[in-house]
Amino acid sequence: MNLQDLSEESKRELHISEEPSDDLCVDSRGRPCRPKKHGGTRAALFVLGFQAFEMMAIAAVGNNLITYVFNEMHFPLSKAANIVTNFIGTVFILSLLGGFLSDSYLGSFGTMLVFGVIEISGFILLSIQAHLPELRPPKCNMKSTTIHCIEANGYKAATLYAALCLVALGSGCLKPNIISHGADQFHRKDLRKLSSFFNAAYFAFSMGQLIALTLLVWVQTHSGMDIGFGVSAAVMAAGMISLAAGTKFYRNKPPRGSIFTPIAQVFVAAITKRSCDHPNMLHQPSTDLVRVKPLLHTNKFRFLDKASIKTQGKTIESPWRLCTIEQVHQVKILLSVIPIFACTIIFNTILAQLQTFSVQQGSSMNTHITETFQIPPASLQAIPYIILIFFVPLYETFFVPTARKVTGNDSGISPLQRIGTGLFLATFSMVAAALVEKKRRESFLEHNVTLSIFWIAPQFLIFGLSEMFTAVGLVEFFYKQSSQSMQSFLTAMTYCSYSFGFYFSSVLVSTVNRVTSSNGSGTREGWLGDNDLNKDKLDLFYWLLASLSFINFFNYLFWSRWYSCDPSTTHHSAEVNSLEDLEDGQNKDSTTEKPRI
């Protein structure tokens with residue numbers, strides 16, 4: 001149901017409830033929410049259950065996909081790594097589609113129901129391919145130097161790509177809506193509860209990852225990939241049941257039509273009125289339903305302010321010529337957060353290596369714990385999540401209250417500080433990976449000693465800690481910056497960072513192979529040009545990523561300071577008033593604290 005479709009009676013009820021405009025909500029039948037019945041921790045628990053199940057299903061596939069593509073579909077290692085990174089990148093870039101459909105037309109709950117079914121169908125198709133020999137190339141040992149394995153092609157490759165596309169479409173469109181729908185169960189003014197929810201969502205994420213990387217990966221390794229993919233489908237179905245069970249308790253934010261139209265209107269209006277003088281008063285409507293607070297004006301992207309200049313002598317103007325300050329505010333936020341978003345791309349490029357080359361790195365090590373029990377290499381990624389399921393509650397219970405007393409921030413430390421902490425730690429993950437890989441290769445080549453797989457645990461552990469800071473901080477930052485009309489879409493931008501990071505990984509791997517090969521054509525002499533890590537120079541690739549990450553951290557410090565500090569903030573004597581104040585000739589007190597645009 002769109003906001004404009006609400007009945008007048010419903011609008012009056014919403015107004016009488018005196019909820020802020022950013023907290024307008026309806027129940028599953030389109031009726032106004034009741035504070036004691038809808039939303040809150042009870043409703044959020046159903047969403048958190050869905051978060052854990054969905055992550056469990058997709059992580060079991062994504063984190064062990066390189067093993068399936070390499071061993072069963074017989075793609076070369078570098079190509080297999082690119083297939084995995086492109087798949088995961090596609091998952092995250094499709095989150096933009098999910099955010100757009102949610103905010104504009106379907107709502108977050110409706111979007112999750114539709115694309116949850118699509119994701120399940122993708123898991124089923126993967127399971128069918130892994131089960132039927134005619135959908136895969138003949139069995140072959142890819143590590144053999146004497147046998148040439150036939151690479152999957154034709155309808156076999158097409159089946160794989162079709163299944164991965166279905167999974168990517170479903171999971172991608174779900175991800176931003178899980179977070180935004182869960183956060184919507186709380187009032188935006190309850191900053192402490194929102195911050196606690198984001199920490200709880202990461203705890204559910206960690207639990208899903210942990211179970212996927214231990215139990216489900218073990219099933220894939222010992223019972224076959226067909227059974228493993230089938231289990232992912234069953235787990236996803238359990239998640240859908242958890243989501244549907246909370247239907248009558250949810251606070252649902254009504255979609256408001258295309259989110260891109262108001263953005264386009266700001267740019268068109270600003271260009272149309274580019275010759276107008278800067279006003280002392282900007283246009284802000286006053287209606288019974290939407291009560292927008294005055295906004296403190298800044299000189300960031302000052303040219304956009306012209307979109308809100310009210311032409312003298314005209315009582316009614318087209319929305320393509322006159323925009324509200326709230327529209328201008330949201331467009332300014334979109335432009336301002338882009339540098340913050342861009343600074344997390346290298347961070348997610350590092351994550352891509354942990355899900356591809358680090359898994360193969362583990363495959364070249366001693367995986368035995370006992371004579372009969374071996375650790376699946378993909379399960380190494382469970383190490384940080386084992387720590388984090390204990391660390392996240394400690395962070396929420398002890399660190400946040402202590403930091404809150406020192407900083408006065410409801411989240412303990414601000415989301416931007418949290419992101420920066422994670423970006424700083426990520427560098428040391430690659431430093432540890434480089435040192436261990438060099439020792440692993442030298443031990444094997446010079447002393448014929450195979451190191452224990454636990455040697456690569458530190459790189460996963462350090463990155464897990466950095467992800468707890470960066471990933472949670474980024475989601476919290478974007479959600480709190482957005483207006484109600486763009487919550488899912490802005491949340492989806494955080495997942496786009498994953499997408500660009502994984503895509504950049506594919507480009508970086510190919511580029512490094514070309515540049516480091518003897519003739520520049522990407523032959524086997526490149527750092528990553530061989531299927532055998534003992535002949536590659538993976539440690540040098542890790543050092544390259546560590547250097548890029550370190551430089552990126554200082555780049556982030558610059559942009560986060562630019563975002564937080566605006567010395568151009570101005571206080572006008574007749575500053576940013578509502579339309580009714582303009583008509584009455586009344587001015588607000590410019591000393592009152594106001595959000596900035």
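If you go along the chain as it appears here, the first residue is 1 and each next one adds 1.
Backbone N, Cα and C atoms are what each Cβ position is placed from, and that goes for glycine too.
As recorded in TrEMBL:
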TRANSMEM  43-63  transmembrane segment
TRANSMEM  83-101  transmembrane segment
TRANSMEM  113-132  transmembrane segment
TRANSMEM  160-179  transmembrane segment
TRANSMEM  200-221  transmembrane segment
TRANSMEM  227-246  transmembrane segment
TRANSMEM  333-354  transmembrane segment
TRANSMEM  374-395  transmembrane segment
TRANSMEM  416-436  transmembrane segment
TRANSMEM  456-477  transmembrane segment
TRANSMEM  489-509  transmembrane segment
TRANSMEM  540-559  transmembrane segment
REGION    576-597  region 'Disordered'
COMPBIAS  585-597  compositional bias 'Basic and acidic residues'
Checklist entry - Per the 3+ Cβ pairs under 8 Å rule, pairs at least 6 apart in sequence, do the transmembrane segment (374-395) and the transmembrane segment (456-477) touch? => result yes
Item to check | Contact yes or no, the transmembrane segment (489-509) and the transmembrane segment (160-179), 3+ Cβ pairs under 8 Å, gap 6+ | outcome: yes
Item to check | Beyond the flanks of the transmembrane segment (540-559) by 6 or more, those residues with Cβ under 8 Å of it | outcome: 339-340, 342-343, 346-347, 349-350, 353, 357, 419-420, 423-424, 426-428, 430-431, 433-434, 437, 509, 512, 516, 527-528
Item to check | Selected stretch (most C-beta pairs under 8 A with the transmembrane segment (160-179)) from 83-101, 200-221, 333-354, 416-436, 456-477 | outcome: 83-101
Checklist entry - What residues in the same chain, six or more past the boundaries of the transmembrane segment (200-221), come closer than 8 Å to it by Cβ-Cβ distance? => result 44, 48-49, 51-57, 59-60, 63-64, 67-68, 178-179, 182, 227-229, 231-232, 235, 376, 378-382, 385-386, 388-389, 392-393, 396, 468, 471-472, 475
Checklist outcome for this item: Per the Cβ under 8 Å criterion, with at least 6 residues separating them from its ends, the transmembrane segment (333-354) contacts 85, 88, 263, 300-301, 381, 416, 419, 422-423, 426, 429-430, 433, 459-460, 463, 466-467, 470, 474, 477-478, 481-482, 490, 493-494, 496-498, 500-502, 504-505, 508, 541-542, 545, 548-549, 552, 555-556, 559-560, 562-563
Next on the checklist: Should anything in the same chain at least six residues away from the transmembrane segment (227-246) have a Cβ under 8 Å from its Cβ atoms, list it; otherwise answer none.
Outcome noted: 42-43, 45-47, 49-50, 52-54, 56-58, 60-61, 64, 109, 112-113, 116-117, 119-120, 123-124, 126-127, 130, 216-217, 219-221
